[in-house]
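Heads up, the thing below is written out as structure tokens.
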Amino acid sequence: MVPLTLAEHGELAKGRLPAVIWDFFEGGAGAEWSRRANLAAWRRHVLRPRVLVDVSAPDCGTELFGDRLAAPFGVAPMAYHQLAHPDGECATARAASEAGALLIVSIFASRTLEQIAAAAPGAARWLQLYWLRDREALTALVRRAEQADYRALVLTVDAPKVGRRLRDLRNAFALPAGLAAANLDAELTSSARQSATGRSGIEEHSRQQFDPSITWADLAWLRQRTRLPLVLKGVLTAEDARLAVEHGVDGLIVSNHGGRQLDGAPPAPAVLPEIVDAVPADHPVLVDGGLRHGTDLAKALALGARAALVGRPVLWGLAHGGADGARAVLDLVREELLDTMVLAGRPTLADLDRDALAPWPATAAAPR
Ligand SMILES: Cc1cc2nc3c(=O)[nH]c(=O)nc-3n(C[C@H](O)[C@H](O)[C@H](O)COP(=O)(O)O)c2cc1C
Ligand SMILES: O=C(O)C(=O)c1ccccc1
């Protein structure tokens with residue numbers, strides 16, 4: 001089967017992956033309300049097509065912190081790509097580079113920052129950090145990212161601890177032997193390999209490593225240690241968006257972490273407009289969560305996002321087809337976006353403004 005939709009990439013991946021790894025990828029926290037809400041939320045808007053517009057040359061190319069992208073999209077930071085494929089993040093880096101997408105590398109990448117950079121020289125890539133208790137380890141990562149030409153740092157702020165993910169608890173999920181966080185000391189992550197009673201290995205190790213005491217006041221410490229643009233991931237209110245700008249942050253990623261952290265947190269499209277309105281126009285606002293069609297991406301842009309990130313579907317492509325599979329996923333998203341722009345009579349990114357959307361009436365059930 002040649003997959004024609006992201007969902008079909010998911011089916012192929014599900015057939016290939018051990019069930020506990022599929023569950024780790026797919027799962028959310030708690031009752032998984034936020035995970036499901038992410039998928040439903042994009043269906044609560046309809047596109048307002050314009051007609052008799054010249055759509056012979058649609059253009060979705062853009063620029064983000066100085067890097068050219070073939071479309072306003074990227075790969076969301078996700079831990080341990082080697083769970084999906086032995087080539088791990090090196091394959092994803094090649095795929096993203098060939099598709100013209102941004103790659104955000106997780107602090108829990110299973111290949112080193114330098115290997116990933118070497119796999120796709122010149123490509124647009126950022127590094128995502130969690131705030132570790134060990135600040136020397138954090139500083140060392142910042143230095144290495146700068147030296148390996150990462151173009152921005154993303155601090156994920158929705159995870160003072162890892163959410164309660166019932167699938168991982170039931171599966172007593174732990175990292176398989178041979179897989180590690182390649183950019184952290186082995187001793188920092190060894191607990192990810194065992195699972196204490198009542199916890200997953202991931203939860204166990206994040207309890208030990210994440211510093212849950214940090215506040216806005218601590219941001220200055222990180223800000224002073226790098227000239228790279230600093231982006232906060234996991235902001236869901238206008239209040240926090242304003243605080244971020246006051247504290248010298250350069251951009252935001254509106255995200256509920258794929259429903260993997262606070263269950264009950266809103267899906268991004270519900271809060272994106274208030275956040276876009278709260279920050280100056282020169283601060284890019286990105287978005288992720290539940291984007292599964294080019295039309296979803298068009299809706300995200302129309303709500304004011306500068307770019308949107310795709311998470312799980314990239315792991316699906318990687319799992320069934322390595323770099324080629326991940327590339328196919330990203331190419332599909334870009335082609336579907338261009339298709340949407342043509343059929344909606346909105347051939348440039350500037351045409352995808354708030355006039356391009358209308359709410360689906362609350363009284364009507366959003367079709368599945
Ligand atoms: C398997 C997996 C691992 C993830 N690891 C990280 C991570 O290390 N850091 C982070 O900030 N977000 C992480 N996330 C969250 C993603 O960056 C993103 O917010 C989320 O997957 C939403 O997109 P999706 O619905 O397209 O998957 C992870 C998500 C998944 C599915
Ligand atoms: O961030 C996540 O969603 C995630 O799965 C993770 C992976 C490793 C360590 C901490 C969290």
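In case you wondered, yes, glycine gets a Cβ from its N, Cα and C as well.
Predicted automatically and left uncurated, TrEMBL annotations should be read as such.
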Legend entry - Of the candidates Arg165, Arg167, Arg170, Arg346, the one that TrEMBL places in the glyoxylate site of His257, Arg260: Arg165
Inset, instruction - Please name which of the binding-site residues listed here, Arg165, His257, Arg260, is nearest in space to Gly311 (FMN binding site), Cα against Cα. - result: His257
Inset, instruction - Select, from Ala79, Arg260, Gly289, Gly311, each of the binding-site residues with a Cβ positioned under 6 A from at least one atom of ligand 2; if none does, say none. - result: Ala79, Arg260
Legend entry - Residues that sit under 8 angstroms from Pro77 (FMN binding site) by C-beta distance, when 6+ apart in the chain: Ile104, Val105, Ser106, Ile107, Gln128, Val154, Thr156, Lys233
Legend entry - Listed binding-site residues (Gln128, Thr156, Ser255), ranked by Cβ neighbours within 10 Å, top entry: Ser255
